[in-house]
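Presented below is the structure to which this report refers.
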């Protein structure tokens, strides 16, 4: 779903901003993991958990149980297949599909690896929700950020109306935030787990998006170069033929 009016000049400023944001969130994750290893996150986590416990209610429980499923592995897997099919049917965007698969698959692998490395136990295990294995970082938060963030990117990079793009970005951001808060409210994760999931997810998503932008820019540049070369050769040939006729 790429905009046909995209410029062939690679946006260096966007690249620098993207890398700057990625570096910031990488630093944030490093700080969180360092605080975790030094067991200095408990006060921060307890303060936020107490705030969520103060608003707990049966009706809110049911709402958050539904919301948390929007970031579950099985649902994101199903939605990912739908996104891939849509990309293939509508635009045959091979690079977009490939980077999307890498983003989702790589995000899942990163989550599993980091959980094993840090081995943090969950604050509680509720059978009514999807909460198994280790806690740090939050897989729901990471997966939701990568999936909904990538979907928002596809829409923003499409030729759809500006209102649709703004609405998509807003809904995606809300879903990411709500899914993360649902994990805290339901006791599946500590707040620092969710922040860590957002941090790693942001870094990974930006790396995948910047890679896609780079590949597509290279593709556009090659097409532009070949086209320019053809025009140059054609003009050179026409001038040479006119000179020969004059002789």
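For all residues, glycine too, the Cβ spot is worked out from N, Cα and C.
Whatever TrEMBL says is automated annotation, not expert-curated.
What TrEMBL records for 95-209 is domain 'Phosphatidic acid phosphatase type 2/haloperoxidase'.
The feature transmembrane segment is assigned by TrEMBL to 12-30 (among others). Counting same-chain residues at least six beyond the ends of the transmembrane segment (12-30), those with a Cβ under 8 angstroms from any Cβ of the stretch are 137, 195-196, 198-200, 202-203, 206-207, 209-210, 213.
Feature annotation from TrEMBL assigns transmembrane segment to 63-88 (among others).
Beyond the transmembrane segment (95-114), the same-chain residues lying 6 or more positions past its ends with a Cβ under 8 Å from any Cβ of the stretch are 1-2, 73, 76, 80, 83-84, 87-88, 136-137, 139, 142-143, 146-147, 150, 154, 196-197, 200-201, 204-205, 208-209, 211-212, 215-216, 219. The transmembrane segment annotation in TrEMBL covers 95-114 (among others).
What TrEMBL records for 134-155 (among others) is transmembrane segment.
Among the features that TrEMBL reports, transmembrane segment is placed at 167-188 (among others).
Non-local neighbours of the transmembrane segment (194-212) in the same chain are 15, 18-19, 21-22, 25-26, 28-29, 32-33, 95-96, 99-100, 102-103, 106-107, 110-111, 114, 136-146, 149-150, 153, 176, 180-181, 183-184; each lies 6+ residues outside the stretch with a CB under 8 Å from one of its CB atoms. As annotated by TrEMBL, transmembrane segment applies to 194-212 (among others).
Residues 1, 29, 33, 36, 68, 70-73, 76, 79-80, 83, 87, 96, 100, 103-104, 107-108, 110-111, 114-116, 118-123, 164-165, 168-169, 172-173, 175-176, 179-180, 182-183, 188-190, 192-194, 196-202, 204-205, 208-209 of the same chain, all 6+ positions outside the transmembrane segment (134-155), place their C-beta atoms under 8 angstroms from a C-beta of that stretch.
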